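These notes are about the structure you will find just below.
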Amino acid sequence: MSGKDTAEVQAALTEKQPQSPSKSPTHAVLTQLTRRAAIVQIVTAVVANITIISSGMGIGFPSIAMIELTNSTTSVVLTESDATWFASITSIMCPFGGLLSGYLLDKVGRKKTLYFINIISIVSWAIMSFASRTDSATLFIQLIVARIIIGIAIGLSSTPASVYAAEVAHPNLRGRLTLLTAFCTAIGMLSIYTLGYVFKNDWRFVCMICGIFTVVSLLTVIPLPESPSWLVSKKRMPKAERCLKVVRAIKEENHPEIRAELEALEDNIARFRSAQDGKKSKLDQLKKPEVYKPLAIMCTFFFFQQFTGIFVIIVYAASFSIEAGVAIDPFLSAVFVGLTRVVTTVLMSFISDKFGRRPPALFSGFGMATCMFGLAVCAIHPVKGTSLSWIPTVLLVAFIFTATLGFLTLPFSMNAEVYPTKIRGFASGLTIFFGYTMSFIILKIYPSMVETIGNSNVFILFGCLSMLGIAFVYFFLPETKGRTLEDIESHFRGKKQSSPDSKQEVEMKKMLKANEAA
């Protein structure tokens with residue numbers, strides 16, 4: 001049924017036709033199956049995204065370790081230059097992780113990619129847990145190696161779990177489930193900020209806790225079924241059918257819904273292969289409008305995500321709080337940043353399904369711009385030590401709140417929706433490569449920007465870019481709410497499909513007749 005939620009079609013048929021007593025049992029069974037399937041899809045998506053928590057910890061780790069690592073009273077310290085490399089080196093490797101993600105997603109599948117992410121994350125946390133306590137040069141080398149590895153893991157983790165969720169979920173669940181990646185990243189950052197606040201002077205112990213958690217995460221991936229879409233693309237139909245029956249919570253052999261969905265997946269992949277003549281390279285595939293159009297849009301979206309200051313605040317949370325004039329403990333301020341992001345990501349899962357992608361993104365850009373301009377005013381006219389000293393804290397938290405509603409979360413979740421199945425892994429990885437390249441640039445130059453043009457002008461720059469981001473969303477960002485992946489692909493291809501509901505209504509009627517006959 002081309003992935004469309006059968007519950008919606010069944011409900012529509014029920015409204016149009018009075019249900020006879022003989023049909024009531026069939027309707028009840030179908031409703032029960034759909035509910036059970038929704039639970040299965042939610043559980044599998046959540047388990048897949050547990051892997052992302054470790055990556056969120058890796059993103060936020062410099063914020064809690066930077067102050068101790070640059071504190072001259074400790075036995076081993078990093079120079080200012082070494083510290084900026086420690087903070088930004090992760091973003092250099094994230095793009096390569098993004099490209100590797102595309103290769104692994106297409107080559108070995110979604111599940112084995114999640115295995116790989118967990119394994120290399122464990123290695124990174126282990127290196128930092130046992131880093132040198134006596135030699136600064138050795139410490140720096142160990143930290144850089146560990147951060148390079150975790151950078152690859154972060155780049156890898158940006159796509160697989162959300163792609164997996166998008167491929168196992170019905171459209172009415174997909175918006176929330178693809179946002180799980182952003183939610184688990186937020187949980188990871190909140191966890192690392194909280195651990196940093198509790199263990200302010202022992203970041204090595206924090207690394208050990210993170211490593212133990214990642215081992216548990218690796219074990220949880222083992223029971224997951226592989227993505228049926230990927231299995232179909234590899235022509236492994238028997239296993240695809242078994243996995244699809246698991247995520248649709250259907251046990252019957254030869255079930256018409258399973259048969260119809262497998263056929264729809266086969267047709268979609270066959271059409272894409274036919275369009276490419278089965279021989280063209282990935283670069284040739286990028287010339288297709290259903291690929292290059294969403295690629296250009298998503299890369300631009302990631303540009304605005306990075307150059308509006310979102311990741312600057314996430315990575316430099318504690319030190320940014322000091323520069324913004326926040327009066328409370330910088331580690332506690334980082335915890336507030338993490339907590340705000342978690343709460344807002346939960347809200348975003350409902351907001352995205354109710355209002356779509358575009359309205360929250362527009363509100364997000366406006367809120368970010370307002371907060372940055374407000375921080376600029378506070379930097380020009382300091383309020384620390386006055387009755388208005390709470391204002392920078394509120395603006396910082398409000399910035400994270402509004403950013404999470406759109407520009408922080410939507411690029412990652414939409415990245416799993418907008419590309420054709422056959423090239424989804426490669427195109428998603430390419431987008432992540434671009435996004436994290438932008439991240440490295442802004443994280444590396446941010447300290448120099450503050451030193452060169454001052455806090456206030458940096459905040460003004462971020463605010464102006466947020467305003468430009470609003471214009472981009474208004475004129476170019478497509479709405480994907482409630483649309484099947486096939487509909488989104490057709491939109492970029494520039495072709496209008498006949499009403500999917502009418503096709504599925506026919507399919508549902510056939511299924512009902514088959515059940516009645518049985």
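The chain as shown is numbered from 1 upward.
Quick reminder: no glycine exception, Cβ is built from N, Cα and C everywhere.
Just so you know, TrEMBL annotations never went through curation; they're auto-generated.
Across the coiled coil (248-275), the prediction's mean pLDDT works out to 76. What TrEMBL records for 248-275 is coiled coil.
The annotation compositional bias 'Polar residues' is assigned in TrEMBL to 16-27.
Taken from TrEMBL, the feature domain 'Major facilitator superfamily (MFS) profile' applies to 44-481.
The annotation region 'Disordered' is assigned in TrEMBL to 1-27 (among others).
Under the heading region 'Disordered', TrEMBL lists 491-518 (among others).
The transmembrane segment annotation in TrEMBL covers 42-65 (among others). For the transmembrane segment (42-65), the list of distant contacts is 86-87, 90, 110, 114, 117-118, 121, 124-125, 150-151, 153-154, 157-158, 160-162, 164-165, 168-169, 173, 177, 180-181, 183-193, 195-197, 200, 203, 206-207, 210, 213-214, 217-218, 220-221, 223-225, 247, 311, 314-319, 331, 334, 338: same-chain residues at least six beyond its ends, Cβ to Cβ under 8 Å.
Residues or ranges marked as transmembrane segment in TrEMBL: 85-105 (among others).
Annotation source TrEMBL lists transmembrane segment at 114-131 (among others).
If you look at the transmembrane segment (137-156), the same-chain residues 6 or more away from its ends with a CB under 8 A from one of its CBs are 54-55, 58-59, 61, 69, 76, 78, 82, 85-86, 89-101, 104, 113, 116-117, 120-121, 123-125, 127-128, 131, 432-433, 436. Marked as transmembrane segment by TrEMBL: 137-156 (among others).
The transmembrane segment annotation in TrEMBL covers 177-197 (among others).
Listed by sequence, the residues of this chain that lie at least six past the ends of the transmembrane segment (203-224) yet keep a Cβ under 8 A from its Cβ atoms are 44, 47-48, 50-51, 53-54, 57-58, 61, 64-65, 68-69, 111, 114-115, 118-119, 121-122, 125-126, 128-131, 192, 195-196. Sequence annotations record features per position, and here TrEMBL assigns transmembrane segment to 203-224 (among others).
Beyond the ends of the transmembrane segment (295-319), by six or more residues, the same chain brings 59-60, 62-64, 66-67, 87-88, 91, 189, 193, 196, 286, 330-331, 333-334, 337-338, 365, 368, 372, 396, 399-400, 403, 407-408, 410-411, 414-415, 418-419, 427, 430-431, 434-435, 438-439, 441-443, 446, 458-459, 462, 465-466, 468-469, 472, 476-478 to within a C-beta distance below 8 angstroms of the stretch. The feature transmembrane segment is assigned by TrEMBL to 295-319 (among others).
Remote same-chain partners of the transmembrane segment (331-350), defined as residues 6 or more beyond its termini with a Cβ less than 8 Å from a stretch Cβ, comprise 60, 63-64, 175-176, 179-180, 182-183, 186-187, 189-194, 196-197, 200, 313-314, 317-318, 321, 360, 393, 396-397, 400-401, 404-405, 408-409. What TrEMBL lists as transmembrane segment is 331-350 (among others).
Marked as transmembrane segment by TrEMBL: 362-383 (among others). Long-range contacts of the transmembrane segment (362-383) within the same chain, counting only residues at least 6 positions beyond its ends with a Cβ under 8 Å from a Cβ of the stretch, are 304, 308-310, 324-325, 389, 391-392, 395-396, 398-399, 401-408, 410, 454-457, 459-460, 462-464, 466-467, 469-470, 473-474.
Sequence-remote contacts of a segment are chain residues at least 6 beyond its ends whose Cβ falls under 8 Å from one of its Cβ atoms, and for the transmembrane segment (389-413) they are 158, 162, 175, 178-179, 181-182, 185-186, 298, 301-302, 304-305, 308-310, 313, 320-321, 324-328, 333, 336-337, 340-341, 344-345, 347-348, 351-352, 357, 360-368, 370-372, 374-375, 378, 383, 435, 466, 469, 473. Residues or ranges marked as transmembrane segment in TrEMBL: 389-413 (among others).
The transmembrane segment feature in TrEMBL is assigned to 425-446 (among others).
The transmembrane segment (85-105) makes no contact with the transmembrane segment (177-197): fewer than 3 of their CB pairs lie within 8 A, with pairs spaced 6 or more apart in sequence. Within its own chain, the transmembrane segment (425-446) is flanked in space by residues 84, 87-88, 91-92, 94-106, 154-155, 158-159, 163, 282, 285-286, 291, 294-295, 298-299, 302-303, 305-307, 309, 311-312, 315-316, 411, 415-416, 419, 458, which lie at least six positions past its ends and keep a Cβ under 8 Å from the stretch.
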